[in-house]
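Just below is one structure, and these are the notes that go with it.
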Amino acid sequence: MADIISGFSDSILCYILSFLPTKLVVATSVLSKRWKRLWHRFKYGQLGLLLSLHSFLLWRDMDQPFRRLRFRCCSIPNDYRFERCIKAAMSRIGRLEHLDLNLHGHVPSEVFSCKTLVVLKLANLVLKNISFVDFPLLKILHLNSVSFSEDQDLQQFLSGSPNVEDLKVKNFIANGAEKLIRFPRLARLVRANIDVHLVPLENVKNVQVLVTDWVICVKFVSPLLSILREKVEFLIFFTYCLLSEEDERAVLLYLQSVPTCISSHLKTCCFNIYRRSGVELLFAKYILQNAKFLQVMKFCFHGDTRKTFWMNPCIKRDLSSYISDTCTLSFE
């Protein structure tokens, strides 16, 4: 007998799957290689998914725990059911090491005391009533568009994560968010991706990689480069920067000295949205002539400026002379 089903398109198969319970839809992944990922394309109801996930977590054998839980959803129609799922995960999964939640909802307090977590990534979530945080093993902490009831909650969150090596805090939302967040220095921090106007520069002075796209005023640049003296090898300058006359004078004043992080450690420098202004060119020349171990100098252009960039003989002369023997210029 001919296999009629194999001749159906994926869209038809997904339509057939729409008549089945979510649990049976997922079970079809064992039929063949084609069916293994077909259920990922199936558009099931979010409420039905929450019910099935909750049942699955409660049903799962405790002797066979899994270590990763990743949950992403555009919107949650029932916060209560979502919180039940997370609570079930905390109590039934066993040794959970990797938790990745990206959805609009509230995080239950049980998450904050999961001592086995090594990776925690939260996005588009609301964190409230944080009375205790204990992540002794946590190494990677990413918080993106996370809302706190008070700015002190982030301070407590970070204080309870003393061994974090990779920290990302972007689009921070809280009452009193204009204040710098005070928290104990993270001694093991290696990589930081932060909003520089919120976290004191002193707290990231020993990182090897720093990414920040909130340098909106040149007054942040001088203290930033002065304090990152020892280990920084990769810096992204000026995702977008509007310069006033006062800012230009600040840049010229800063160029009179060369911090150790530039002369002895900097290996990669990126100018994002490079507009070819006089101050930008002067700063790029400063990096090229003082970064002894620079390997890559990358310029990302705005608009059509790339087309006319090398047509200017002065620019060619200024950027063709650099102190590093291994430096390569890159233009995008």
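Glycine is treated like the rest: Cβ placed from N, Cα and C.
According to TrEMBL, the domain 'F-box' annotation covers 6-43.
Across the domain 'FBD' (257-299), the model assigns an average pLDDT of 78. According to TrEMBL, the domain 'FBD' annotation covers 257-299.
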| message | Going by DSSP assignments with H, G and I as helix and E and B as strand, what are the residue counts for the domain 'FBD' (257-299)? | response | 19 helix, 11 strand, 13 coil
